[in-house]
Number of protein chains: 2
Amino acid sequence: MGVDPGLTRCGVGVVEGTPGRPCRMVTVGVVRTPPDADLADRLLTVDDMLSRYVEKYRPDAVAVERVFSQHNVASVIGTAQASAVAILVGARRGIPVHTYTPSEAKAAITGSGTADKKQMTTMVTRLLRLDEPPKPADAADALALAICHVWRGGTRARIQRAAQLQQTPKGAQA
Amino acid sequence: MGVDPGLTRCGVGVVEGTPGRPCRMVTVGVVRTPPDADLADRLLTVDDMLSRYVEKYRPDAVAVERVFSQHNVASVIGTAQASAVAILVGARRGIPVHTYTPSEAKAAITGSGTADKKQMTTMVTRLLRLDEPPKPADAADALALAICHVWRGGTRARIQRAAQLQQTPKGAQA
């Protein structure tokens with residue numbers, strides 16, 4: 001499950017797949033909270049809605065976009081707060097949580113860490129063989145994070161396996 | 001219960017009292033998480049420790065310092081994430097959560113919105129009649145937020161009562 005964190009719009013996307021193979025979209029959505037609502041109510045809504053996704057789809061991992069200080073300073077606070085909620089939704093249930101920078105997600109999906117929103121949406125639509133692009137962009141970004149995690153998880157597992165094989169003494173059973 | 005949010009040091013202070021009268025300190029502490037630990041683990045620790053305070057002391061309200069974009073941009077992300085955790089710890093249990101700006105807390109405690117850390121600590125020590133200043137500063141700030149809430153809550157309640165009295169038609173029972 002990928003989460004593109006935000007208080008006004010929080011993208012959520014669930015995919016299933018194995019490393020190196022096309023993923024399948026399970027669901028996609030956006031959690032919205034009114035900008036003029038009380039902060040506690042907004043955080044509670046994001047917590048509640050993301051919790052429902054986790055309980056319904058029981059993801060193996062949660063991938064959340066990492067918040068950077070390069071972001072717009074005015075909006076970074078809300079984004080950071082929503083990301084904390086998303087991370088806790090997974091962590092409280094013992095689900096592994098990984099964070100990825102926007103460039104990592106872009107590089108995993110398009111091959112370029114500097115791809116723009118439109119290129120990302122186009123690639124996500126193509127990779128998941130969707131009939132039309134997921135909207136809004138937050139939804140597409142959430143799916144991109146989920147795909148990024150599946151694929152990079154594969155790379156990571158292969159590296160770990162290779163490292164283990166190298167460490168295994170000759171003649172020993174791996 | 002007041003919370004001065006932070007990932008590396010999160011101050012927590014519980015006081016009891018009524019508006020316009022001296023408050024009594026119930027407890028004070030600091031939740032610390034290692035800066036090199038995984039973000040999910042850090043947020044989970046803050047969530048877990050603040051939850052223990054809430055379950056042990058059952059506060060009537062949680063007062064959290066509001067995060068501002070004026071903060072250092074590099075540290076604002078962690079502060080914002082810790083504040084989201086603190087707000088949710090109260091909100092998930094239906095406890096009213098209020099946020100106060102640093103100036104609001106300073107003005108409530110010292111009479112000046114621009115008081116420095118030392119003046120704040122001195123006043124918190126005096127107001128709570130403590131034998132020695134609470135340390136570190138995060139702990140004193142958490143107590144200040146708690147006192148600020150008790151006192152301002154009183155002002156707010158008086159304003160609401162006055163407004164209700166004005167709205168009550170003559171001869172009606174309030």
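Positions of Cβ are set from backbone N, Cα and C atoms, glycine also.
Per TrEMBL, these features apply:
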- B:Asp4: active site (ACT_SITE)
- B:Glu65: active site (ACT_SITE)
- B:Asp138: active site (ACT_SITE)
- B:Asp4, B:Asp138: Mg(2+) 1 binding site (BINDING)
- B:Glu65: Mg(2+) 2 binding site (BINDING)
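The CA atom of B:Asp138 (active site) is located 6 Å away from the CA atom of B:Asp4 (active site). Rounded to the nearest whole angstrom, the C-alpha distance between B:Glu65 (active site) and B:Asp4 (active site) is 6. All protein chains shown were included, and the count of other CB atoms within 10 Å of the CB of B:Asp4 (active site) stands at 29.
Of all the Cβ atoms in the protein chains shown, 27 others lie within 10 Å of the Cβ of B:Glu65 (active site).
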